[in-house]
Amino acid sequence: MCYGQTGAGKTYTMTGATENYKHRGILPRALQQVFRMIEERPTHAITVRVSYLEIYNESLFDLLSTLPYVGPSVTPMTIVENPQGVFIKGLSVHLTSQEEDAFSLLFEGETNRIIASHTMNKNSSRSHCIFTIYVEAHSRTLSDEKYITSKINLVDLAGSERLGKSGSEGRVLKEATYINKSLSFLEQAIIALGDQKRDHIPFRQCKLTHALKDSLGGNCNMVLVTNIYGDAAQLEETLSSLRFASRMKLVTTEPAINEKYDAERMVKNLEKELVLLKQELAIHDSLANRSLVNYDPMDEIQIAEINSQVRRYLEGTLDEIDIINLRQIQEVFNQFRVVLSQQEQEVECALRRKYTFIDKNDFAAISAVQKAGLMDVDGHLVGEPDGQGFGLGVAPFSAKPGKKAKSKKTFKDQLSSSARKEGASSPVGGKDLDVSISKTQLTPSSKDGDVKDMLLRDRETSNIEPPSSDSPKEELRPPRPSTPPSKPVAFEDFKNERGSEINRIFKENKSILNERRKRASETTQRINAIKREIDMTKEALNFQKSLREKQGEYENQGLMIIDEEEFLLILKLKDLKKQYRTEYQDLRDLRAEIQYCQHLVDQCRHRLLTEFDIWYNESFFIPEDMQVALKPGSSIRPGMIPVSRIMSLGEDDQDKFSQLQQTMLPEGPDSISFYNAKVKTEQKHKYLKTMMGLQQTQRK
């Protein structure tokens, strides 16, 4: 971490001069050292990932979001804590397999940093930046499932400012206020970490300390670089920086190796251990003169054999079942359960064929049975004295012998035929059955079920669209007009074709923004109305107080006595203040949402215009013979090459790079990756600068 006054050289110490390899800073040197140590450890498979975070005015930004395969995040980034540590949700992390890729990411992030100028520094950093290197090491020689993780945070803090010396105004003044505030909170956290008696450490006061929570003490190694001025005029700020460094020395750290477990490798190790244990069991069985025992899961033939043994054991033809291993014991009990369930179903089916079952909750069926003379008013069947089963009894006088048997038989046949159909589709356990009246629920008939199935099938068939018979054909490129259309006309075409998705997102974000602004306006009107009512209530309350003072105040045991009207005014004022606080909190939330939505709308507008400029130039200014090279899948991606240099294809940059290699490589053989990444970044910036110049020329 680099700490110090503005203009003292923090960014130069951390990043260095990207134009000269010898003057590179801590960040490039750290990347080189990481990849050099990876080459020196062939026994480990080491992966490296990097991320670049910027904290500007207490807001989190991803400095690598400008890469084409990343893009801006829809949701704002947040700091999340878990047992493994602190990480930034929404921050892009990039895998780098070689040193040159890491340098390219570093230079890309450096170009996106926010800088400004004041009297003490022409290129002053206006934000805190954290470049993080994630290292993960797996052993190639050992089959251990453990692996080691590390995280290197390289922090370039924005400098503290004395506003009287820097002369900051406007936006720079606002940035300086946020910078000084976050650095003050950082110092408070360092003081709390150095005090052994403190239980609470204020990490959540600002985004900077929260993001660096697991790097400011505890399980970490920390190096602080304090940058100071050599001038006597800056003596007070120099002493302040050195006091911060002395407080940092009081912070105790207890670094430990971060070991984690690879789930995939752990499964493989457990499988190997399982094979070894089976081999040991086989040796033990052979030494104990036991027959060959199989410890693998049982197949269908073995399960059928155990089922046959269980049935013979229950029938009495088999005296005992031979026990071989634990898996066989579990399967024996399982087959006992299967046999019991099958017997219950057989008993139920036999009872359904012989008797009629009626649901006790089905009052229509019960009344029909009573009308048929099969059941008396008390709910007992005819000839059933105690309700437990069939037996001899006295028939009711209303039952006629001649017609009873016929009606009973007819109703019994009807119910038994329907019960057979229902019983086949919904069997239940025999223990829930009653010979006279069943507790089972009546299921719908099979015809109703068929109708429901047909309706469901028709609904599913209607939802499935028939596949199109025509195969997708390649769109033909329209002929280019002799004169390019005007930009407003071309912009409308672009929004309907290539930029339709971006335009749709832009319109959705704008509608959300307008809706939030409308709600904020309505909330503001309600707040103003409540404020006016509060003022009127206060005036009425003051009038009541003055009236009470003129008439004379009454006290009872030291308490002031007020009339009912004044008491109601006090209660009303209390309720109005509560409503005012609630509405004001809603307004603050809406303003935060409006600010975020406005940021999204600005991003979409900028991207829409940028994509349109690229599409317009490539569609109407690039020669026809160069269109083949810009097709998808070719080596040249559309938008990467300026229109003014479409024919040269960057030959001047290549010649310049070759000359740079001849002069610089003899002095620094390790600088090839550094300069490779530097040239690629410069080519990208030249392209952007050319596009901006072309836009200005077209406007003129």
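All positions are counted from 1 along the displayed chain.
Quick reminder: no glycine exception, Cβ is built from N, Cα and C everywhere.
The stretch that TrEMBL tags with coiled coil, taken from the ranges 485-512, 513-540, is 513-540.
Tertiary neighbourhood of the coiled coil (513-540): same-chain residues 569, 572-573, 576-577, 579-580, 583-584, 586-587, 590-591, 593-594, 597-598, 600-601, selected by CB-CB distance under 8 Å and a gap of 6+ residues from either end.
Taken together, the residues of the coiled coil (260-287) have an average pLDDT of 83.
Considering other CB atoms within 10 Å as the measure, the emptiest surroundings among the binding-site residues Gly4, Gly7, Gly9 are those of Gly9.
A C-beta separation below 8 Å, combined with a sequence spacing of at least six in one chain, links Ala8 (ATP binding site) to Gly159, Asn227, Ile228, Tyr229, Ser241. The Cβ of Thr6 (ATP binding site) has 24 neighbouring Cβ atoms from other residues within 10 Å, across all protein chains displayed. Non-local contacts of Lys10 (ATP binding site) by the CB criterion (under 8 A, 6+ apart in sequence, same chain) comprise Cys2, Tyr3, Gly4, Ser125, Asp156, Leu157, Gly159, Val225, Asn227.
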